[in-house]
């Protein structure tokens, strides 16, 4: 049984993970961290990770970027692997995570959905082929409570396309003013509204035809399942930086 410390247990994803974990025989939430603890979680909840005094096997983080330092500190003190699912990190924080992973076990992914990661691998294969004759745009949609924009997944997918193309690629965040699209631009557009769980639409627009590669998350359970899968995967791994490709064997 993998015992999980869930940081951000009171949020939408934390709630989804807690509920889904009840269906697992080989993983459970042993403790949670949230600034506004709820009383009906079924496990002890602490206001800060430094206060946690329950034995756990792995830290699962679905909180905010400003929690990173205390998570890394606790991980180092307790010698626990970390599964980082939070998005919106600064470049400096990403560098800190990469450096930390040289001596600690860290999993990090911008999206825990199996489907999104399959889409990402498809983009690795087709982007360089399509780029010559197709313009590329990306539209992402999320609920009105999401704080980072564009989404971490949108940036993940855009970076995959960019890295597959040999030319210099520029990102354009939204469009305004009077100017034509340059071929080496990828337009990234964010929509926020209602309770949209998550949609990412990759548009390859050519002369006379358009190709769309789209992923729609209909439930947060797809992210919760991937998160629990990552926790079980990483528990016996050595120091290094892991992602969903490792979990899925892709």
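Here, residue 1 is simply the first one shown, and the rest follow in order.
Glycine is no exception: its Cβ is also placed from the backbone N, Cα and C atoms.
Of the residues proposed, 25, 34, 66, 69, the one Swiss-Prot records at the same NAD(+) site as 8, 9, 10, 11, 12, 13, 85, 86, 87, 109, 110, 111, 112 is 34. In this structure, the binding-site residues under consideration are 86, 109, 111, 153, and the one with the smallest number of other Cβ atoms within 10 Å of its Cβ is 86. In the three-state DSSP scheme, residue 153 ((S)-2,3,4,5-tetrahydrodipicolinate binding site) falls into the helix class. The two recorded residues residue 8 (NAD(+) binding site) and residue 142 (active site, proton donor/acceptor) have their Cα atoms spaced 19 Å from each other.
Largest Cα-to-Cα span within the NAD(+)-binding set 8, 9, 10, 11, 12, 13, 34, 85, 86, 87, 109, 110, 111, 112: 21 Å.
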